[in-house]
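Participant: The feature domain 'Major facilitator superfamily (MFS) profile' is assigned by TrEMBL to 35-421. Positions annotated as transmembrane segment by TrEMBL: 41-62, 74-92, 99-119, 164-182, 188-210, 246-267, 279-298, 310-343, 394-415.
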């Protein structure tokens, strides 16, 4: 009898153990499903945010002109926005680290709402300049990156971050098209009204669909509430193994292309001889390429190759793009060059963001993403001056030669340096 009782007890323990294991597996699956849902919501918020941003970018020159702002004044307007984004990037990242990704996304959407509200009230040049101020915290993409970084494992991160480029493509195409149609049919202020309503909707989506804590439980720890902006903190992050080296590559590899794109509106008219409509088609072509590359190519390559191999590949392709840019003569040449250009640009941005967030502690990923987000505003701030000098003094080919020389130097640097990747995050 005791033997039978023992067997029955043993069988019962096994069944209970099996039930517990199944329950844990179900919880794990549910947790994975929930994370996937939150990440998809982050993609939606990013796509909407970029759509509204490109809508206002399309109508801004016409709005500024209608208020009597000349080309020089419009340049100042753009520079102010770039400087605010540059300063706000790191502060936004520190805010995300201290208060969470949801709070950061809400802050970005609220700032966007104020931005569009002030634009809708811009009946004079001073109010138009005032509308740029909320741009200091308009960082929808870094906010979405923070959510994705918190909710993905290091091995999944590059592919997940790469899909944000699909959102960027959607924003370019939908925003440019909607901005043009709405402003033509209903007036230049209508896209601004749509952006205001859309930003308010984004706030509701972030509040209801993004959890207050996006980090996994194993990463929960007390975050020190230090100053939101600290040079000492930036320098501390740059001292982690591999961070400074990869950040240097991130800044300089895409700088010549960034200068070219800043001057593109002038180059498309003077060098390629395009009309406004044709330039719009070309931007849509860029958007489609961006969607294809980052939505389909980046994820597949990141699952088969190491990040260092892909980083070297992107820099090497960038050097080849420089040769093509130096030799191009027509817009059709540029359309061909655009394929490897978008590939290298997308790979570089996704890989460096992924590598840098892995190289710092989990409590500093927001700050690191904020620093990364400051690279583009930095280019927009110094770009008009440098790009204008290059184009005026040396022509379009100078951008290609600069791209070639910079990236050959970076490729040799990557081959010789031993950058430690895959660092374990310390607390």
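Positions of Cβ are set from backbone N, Cα and C atoms, glycine also.
Keep in mind that TrEMBL annotations are predicted by a computer and have not been checked by a curator.
I'm curious about the neighbourhood of these features; can you describe it?
Facilitator: A Cβ distance under 8 Å defines the sequence-distant neighbours of the transmembrane segment (41-62), meaning residues of its chain 6+ beyond its ends; these are 74, 77, 105, 108-109, 112, 116, 119, 138, 140-141, 143-144, 147-148, 163-164, 166-168, 170-172, 174-176, 178-180, 182-183, 188, 191-192, 194-195, 198-199, 201-202, 205-206, 209-210.
Long-range neighbours of the transmembrane segment (99-119) within the same chain, counting only residues 6 or more positions beyond its ends whose Cβ lies under 8 Å from a Cβ of the stretch, are 42, 45, 49, 52, 56, 63, 92, 127-128, 130-140, 142-144, 146-147, 150, 192-193, 195-196, 199-200, 202-203, 206-207, 210-214, 366.
Sequence-distant contacts of the transmembrane segment (164-182) (same chain, at least 6 residues past either end, Cβ-Cβ under 8 Å): 43, 46-47, 49-59, 141, 144-145, 148, 190-191, 194, 280, 283-284, 286-295, 298, 346, 349-350.
Long-range neighbours of the transmembrane segment (246-267) within the same chain, counting only residues 6 or more positions beyond its ends whose Cβ lies under 8 Å from a Cβ of the stretch, are 238, 279, 311, 314-315, 318, 321-322, 325, 341, 345, 348-349, 352, 355-356, 359, 371-372, 375-376, 378-380, 383-384, 386-388, 390-391, 396, 399-400, 402-403, 406-407, 410, 413-414, 419.
Residues 249, 252-253, 255-257, 259-260, 263, 267, 271, 308, 311-312, 315-316, 318-319, 321-328, 387 of the same chain lie 6+ residues outside the transmembrane segment (394-415) yet bring a C-beta within less than 8 angstroms of a C-beta in it.
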